[in-house]
Amino acid sequence: MHLLLLLFSLLCLSSSSASSLTTGPGILEILIESGVSTDVGFAVTCNKNNHVTWRHLKPNTPELLIFDEFNQTNPYYPIDITIHGNVTSHLTIFYPNQGLYDIDYLPLPYTGLQMKYKCAENRYGNKCEQHCSEYRDNWRCDEHGHHNCAEGYCGWNCHKSVSECNNYCKCQNGGKCYPHLLLSPDYLIMCECPPGYHGDYCEEFKYFDRKLEFSTNFGQNTTVKNKFSNRTDIYQLFEKYEKELRTSGNEGILTFFGPFELLEKPAKLWIVILMVAMAGYCIYKFCVESENEEKLPETSGDEKKCILIEMNDM
């Protein structure tokens, strides 16, 4: 009887989490630092949509940009990221999967850069294909997009509080304990690790396994070692400032070009003209020529959001 109730509970828990056959909406985050004061343009191209913005980077001050959100319809569409400096332009291309992307060497003047691709709210899975939402206080969506007990609950229906659970938690480095609903629903024994750690007890640091490279469109190709490579605190900084943004009521969100902002500052207009021209050049070079003159992707007029956060305490 107890086994039947357990199976029925698992069926109910999974009934509201459905997966699609393709992929789901994702969010791109770029953490960048320059060794000198410079104006930088960013052109992000994905699935016939171009998202363009610029930032003024202060010396040795990391900044976080968030492009929200990419509604991927095909897991095989790449994302092209072009970074334009005053006299240089560099491009990298990757196929989006959840997680962090590392680059060993960066073109000057950039000294640190990491990119993170994550799922939008209520989306889970490697390609954000799984939908899951929480509709009971004692439930949660795990990292795979399946319903499981929330922190501090256990039992076949997550109906027991922590004082009624058998606590065998051995998680390290901030890992949290949860029950395994099928094998041990009354035991807090499974570790879910924070970003940057893995292992049965979150005891091992997870090095970056997705490496990217920059190609030079024009300008110097002098490179330096990426100071953000293989650092646990980079994982934590992404999480920290995302939380700060949520608690601040999204006050840091900026639209991609205010209606009068470009007219007020000619320097911005010059950067935008350069970025648009180079974006067209890069699309032609890497898409049209390599695909036997396939139709040029059209630029979408949809506005995307970008967040700038100064991380002064790094």
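Along the chain as shown, the residues are counted starting at 1.
Note: Cβ is positioned from N, Cα and C throughout, glycine not excepted.
Caution: TrEMBL annotation is automatic and unverified by curators.
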Cys193: disulphide-linked cysteine among Cys177, Cys202 [source: TrEMBL]: Cys202
Whichever of Cys149, Cys169, Cys171 is disulfide-bonded to Cys158 when TrEMBL is consulted: Cys149
Per TrEMBL, the disulfide partner of Cys128, chosen from Cys119, Cys141: Cys119
For the domain 'EGF-like' (161-203), sequence-distant contacts whose Cβ falls under 8 Å of one of its Cβ atoms, 6 or more beyond its ends: 6, 9-10, 13, 100, 142-143, 148-149, 151-155, 232, 234-236, 238-239
Proximal residue to Cys149 (disulfide bond) among disulfide-bonded residues Cys119, Cys128, Cys193, Cys202 (C-alpha distance): Cys193
Rounded distance in angstrom between the Cα atoms of Cys119 (disulfide bond) and Cys193 (disulfide bond): 17
Cys158 (disulfide bond): secondary structure state under DSSP, collapsed to three categories: coil
Around the Cβ of Cys193 (disulfide bond), the count of other Cβ atoms that are within 10 Å: 21
Protein Cβ atoms within 10 Å of Cys158 (disulfide bond), excluding its own: 24
For the disulfide-bonded residues Cys119, Cys128, Cys149, the one whose C-beta sees the most other C-beta atoms within 10 angstroms: Cys128
